[in-house]
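Features of the protein shown, as given by Swiss-Prot:
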type	residues	note
COMPBIAS	126-135	compositional bias 'Polar residues'
DOMAIN	146-346	domain 'Peptidase M12A'
DISULFID	CYS209-CYS231	disulfide bond
DISULFID	CYS461-CYS487	disulfide bond
DOMAIN	461-573	domain 'CUB 2'
DISULFID	CYS514-CYS536	disulfide bond
DISULFID	CYS577-CYS589	disulfide bond
DISULFID	CYS585-CYS598	disulfide bond
DISULFID	CYS617-CYS643	disulfide bond
DISULFID	CYS670-CYS692	disulfide bond
DISULFID	CYS740-CYS753	disulfide bond
DISULFID	CYS773-CYS799	disulfide bond
DISULFID	CYS826-CYS848	disulfide bond
DISULFID	CYS886-CYS916	disulfide bond
DOMAIN	886-1002	domain 'CUB 5'
DISULFID	CYS943-CYS965	disulfide bond
Amino acid sequence: MPLATTLGTLVLLLLLPLPRGAEVTGDHSNVALDYGALEGEEGTEQQLHYHDPCKAAVFWGDIALDEDDLKLFHIDKAEDWTKPSIDKPGHDTGGLEETSARWPNDTASNASIQAPRKDGKDATTFLPNPGTSNTTAKTFSARVRRATTSRTERIWPGGVIPYVIGGNFTGTQRAIFKQAMRHWEKHTCVTFVERTDEESFIVFSYRTCGCCSYVGRRGGGPQAISIGKNCDKFGIVAHELGHVVGFWHEHTRPDRDQHVTIIRENIQPGQEYNFLKMEAGEVSSLGETYDFDSIMHYARNTFSRGVFLDTILPRRDDNGVRPTIGQRVRLSQGDIAQARKLYKCPACGETLQDTTGNFSAPGFPNGYPSYSHCVWRISVTPGEKIILNFTSMDLFKSRLCWYDYVEIRDGYWRKAPLLGRFCGDKIPESLVSSDSRLWVEFRSSSSSLGKGFFAVYEAMCGGDITKDAGQIQSPNYPDDYRPSKECVWRITVPDGFHVGLTFQSFEIERHDSCAYDYLEIRDGPTEDSTLIGHFCGYEKPEAVKSSANRLWVKFVSDGSINKAGFAANFFKEVDECSWPDHGGCEQRCVNTLGSYTCACDPGYELAADKKTCEVACGGFITKLNGTITSPGWPKEYPTNKNCVWQVVAPVQYRISLQFEAFELEGNDVCKYDFVEVRSGLSPDAKLHGKFCGSETPEVITSQSNNMRVEFKSDNTVSKRGFRAHFFSDKDECAKDNGGCQQECVNTFGSYLCRCRNGYRLHENGHDCKEAGCAYKISSAEGTLMSPNWPDKYPSRKECTWNISSTAGHRVKITFSEFEIEQHQECAYDHLELYDGTDSLAPILGRFCGSKKPDPVVATGSSLFLRFYSDASVQRKGFQAVHSTECGGRLKAEVQTKELYSHAQFGDNNYPSQARCDWVIVAEDGYGVELIFRTFEVEEEADCGYDFMEAYDGYDSSAPRLGRFCGSGPLEEIYSAGDSLMIRFHTDDTINKKGFHARYTSTKFQDALHMRK
C-alpha cells in the first residue's frame, strides 16, 4: 500500500526516478518559488508565482527539501549521518540479504546531498562513509520530529484539488493529464477541478528536473507538479498525482524489510538514498498491508547499475513466486483503499462518469439501514449537463427533511448550491445541473425506515450557457466521442462583450468537406446566424471571436469512425484597445483574444514597462535602395538592442538584401544575437532566415514589396555586427504570373518562365506541355518530386529516376511529403523503388496512400524509382530527398572497382563525425586486394583523430592490419581470406581531402600484409 503521510509530516517534496531520456539539470535555487508559464490553452501565456519542486535548498538523492522543510526537519551540522550504522541480523529468506538503511539515522555509502550553487550548476557534497573523516566536506544531519499533532492543512480540504495546466503542453498531453485525474476521481472521493479563485492549487508545468511533485497540499499558494521530458505518460502522471494526494513511495514504509530486499551493490552510485526507509512515526499506512501492486512502488531495476540487475527484490509468497512490482497502468486496490481512508470517503456511494447510469439507497427496495451515509459524485464531460430523475422515493418524512434525506447539489462538493433536499414518498421533479457535475448525498438517522430511493441520470450535451467563462468538450472527451451524437451550445456573455473561443485540442474524423463528423460555429444565437466555419481533421482551428455577445456551436458525429474530439475554452472578450487610455499604451495597442499588448511605431521600441516607447535603431524606409548597419558599425554593437527596419517598395516590386559584412555572436542555433529577415512588415510574416556567427548570408529577395529586418543582441558578448545593402526591382511575375502558365521566376531587370516536374517549356517561352520524365541523377544529394508538384499529379503518367552515387556509398531516399491514391495492394497509382539501376533489380517496396514511407537505403550505389498513375483519381504526389550513406557490403571481382572516403570526394573535404564501415567480400578461393590512389587524412602521431583502419575479416574482431592517417601513398593491402573490412573515422574538427582506393579479387592470398 502506498504510504499515506501522517498529517503531521506532509512536508517533503519527492523527486521521482526519471524515465529513459528524461533530462536532469542542477539548476537549484535558494528560493523554492519560480515564475512559470500559465494559460487556459496553448499559446497565450501569463506569469504565475508558484512553489517550484525543482528548486530546493538541499537535495537528499531524489528527495528535495525547501527552507520550510529544513526548519521542520531540523537539518543541522553533521551528527547522525557520520555515526557508524548498527547492523541488525537479516531475515532468512533463502535469497539475497542486507540490513536496510534507516532514514535518517544511517546512510548508504557514497550518498550525497546536493546544495545550490550561485552559478546554477550541481554542487554535490559527498557524505563520508561510517568510520572515515572528511574535514573539507560540509555535511548535514536530519533529525525528524515525530508526528505528535495533526496538520490538517496538508490534506486537501474536502478532497478537492484545484488545478491549472501550463501553457506549454499540447492538446494530447492535456488529455493525458485529465485522463489521469479522472482515474483518481473514478476510484476515490478525491475531486480535481479547474482553478477559479482558490489560493492553493497545483500547476502542471514542464520543469527541467523531469517528473516530480510535492507530497500533499503545500499551502500558501500554487505548487507545481513537474511533467518534464518523457514524463507525459498516463502511468507516470497518475503516479505524480499520487504524491499530490498525499502518498510516499511504497518501498520506504517502515515494514518494507518484511516484504522486499534492497540489493545495495546494484544501486547506481549516489542514488542509495532513494532506498532508505522511514520511521514508523513519520508516515502512516493507515492499517493497510504492504502493496506490491501499488502504482507508487518502485520497479525491480529502478536506479540500477544495469537494466537486468535488481535493486528491489520482492520476497517470495507462499507459492514461491516473487510478486511483480513497479506497474504504471492503474491504481491498485490497495491504493484505492488507502486513499479512501486518508480522505475519509463515505463507505457508501461512488463516482459516476458514464453518460448514463443509476444508483439507489443501500438495501433498496428492502429498506435502508439506520445511520447510513452515502455520496455519489456524478461527473460528465465539461459542456454537458446532467438530467437526474428519481423513479422511486420512500424515505422517513420529517419537517425540513431533518432526519432521513437525499440532497442534490449543483457542483462537485457539499458546499455547491443546493438543488433540493427530499424525503417522504413524493417523487421529485427532474433536476438539471448548470454544469457537468452533481453531488448527491444520502443520510439516515431515524429508526423508522423506508424502502429508500432509486435514481437514473443522463448526460445531455449542448444547451444554453450564460456565464463569463467556461469550457465545452465533445462528449466523452478525452476518450473517443460516441457515434451519432449532435450537441448544440448557445453561449451568451454579458452585453458589451464578445465571445472568445480558443481550442486546447482538436481531433475529429477528417474529410475534405467535413461531411461526416464536424464542428460548426456561427456568429450569433441560432443556426441561421452567419457561418464562421465548418471544422474537422487534426489541426486546431484558429481562435474565434464573435461580433456580439453570442456564439452558436454545434458538434455532429456519424455512426462510424470516432476520434478523441475537441476541448475548447470560451470567455467574455473585450477590446482593451478601445478604452479611452488604449490599455495604457503610449503609441499603439494591439488587441489579442483574451488580452492585449502594446507596440511602438517604427524607430521606437518598448521600454521596460512594456507600455511606453523609446527611440530605437531601425526605422521605416521607402527608398528603392540604401544601406543598413548594426548600431555602432563598424565598432562593436551594444548589448540589449532590438532594431527593426521596415523597408517598403512600390507595388509589384521585390526587395533584395545583400550582406557585405557579417559578424555576430552565436552559431547555428542563433539564440543569443541574431538578424531575422522576413517578407512583410509584421513579426510573424514569412521568415527567410535567422542568421548569426561569421558566415555571410546569401542574397535574400522578398516575396512582396515589403521586407522586415530585425537585429537583436543579448546582454553579454558583442561583435562587429553587419553592413547590408538593399535594392528594389520590379517583379514582372507579380502581375498575372508574368504570363507564365506554371512558374514565373523573377530576375533582376527581367523574368523567365519555368515548368514543373514532368513538363517542358513551349517554344513561346510561356506555356508548358507534358514531357517525358525519365531522369538520371548523379549528384550526392537533391530533391525528387512527383510530376506537377505541389499540385496534383496528372493521370496516365509514368516517371523514372535512376540515381547513382559515388562508388562505395549507398543511395538513401527520405520522404518529406507523400499522398498517392490509396489501395490495399497499391494496384492503381504507386511508387516503386528498386535496389539497382533499373526495374529488373530487386524491389525494395511499392508505396501508396497518405502514410510517409520510412527512409529507404539501397545496398549499393544505385537506386531506381518508378512512379505510375492510372486514368482516374489524382492526389498531391510526393516530395523526397535523396542523399548518401557511407559503408555497406561490397563485392570484389576480377574487374577493378572504386572506393571513395566520402560521396563528395574531389569537390569537398570529408565531413566531420563520419563513421563508415565497408566489408569487401570476394568469391571463395579468392582474396581482396586494395590499392590506394589518393590518401590525405588529418595526421596525428597515434592516428587518434581521423583515421582509416583495415581488418583481415568481416568485422573489427578480425586481426587488424593497421590504422592509417597523414598524407602520401599507402602500400597495397591484401586479405588472407575472402574478406576485408575498411573503417573510416573522423572527429569534429580538421577535415582533409580523404582517400580514393581501388579493389579487386585476387588469388594471391599469401601476399605480405602491409605493416602499420
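Cβ from N, Cα, C; glycine included.
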Using Cα positions only, nearest of the disulfide-bonded residues to CYS585 (disulfide bond) (CYS487, CYS514, CYS670, CYS886): CYS670
CYS209 (disulfide bond): tally of other CB atoms within 10 A of its CB: 26
Secondary structure at CYS799 (disulfide bond), reduced by DSSP to three states: strand
Proximal residue to CYS670 (disulfide bond) among disulfide-bonded residues CYS231, CYS773, CYS916 (C-alpha distance): CYS231
Proximal residue to CYS589 (disulfide bond) among disulfide-bonded residues CYS461, CYS536, CYS692, CYS773, CYS916 (C-alpha distance): CYS692
Rounded distance in angstrom between the Cα atoms of CYS753 (disulfide bond) and CYS773 (disulfide bond): 19
Nearest of the disulfide-bonded residues (CYS209, CYS461, CYS886, CYS965) to CYS643 (disulfide bond), judged by Cα-Cα distance: CYS209
Counts by DSSP class (helix H/G/I, strand E/B, coil) across the domain 'CUB 5' (886-1002): 0 helix, 57 strand, 60 coil
Stretch-averaged pLDDT - the domain 'CUB 2' (461-573): 92
Cβ atoms near CYS753 (disulfide bond) (within 10 Å, other residues, all chains): 21
DSSP-derived helix, strand and coil totals, residue by residue, for the domain 'CUB 2' (461-573): 0 helix, 59 strand, 54 coil
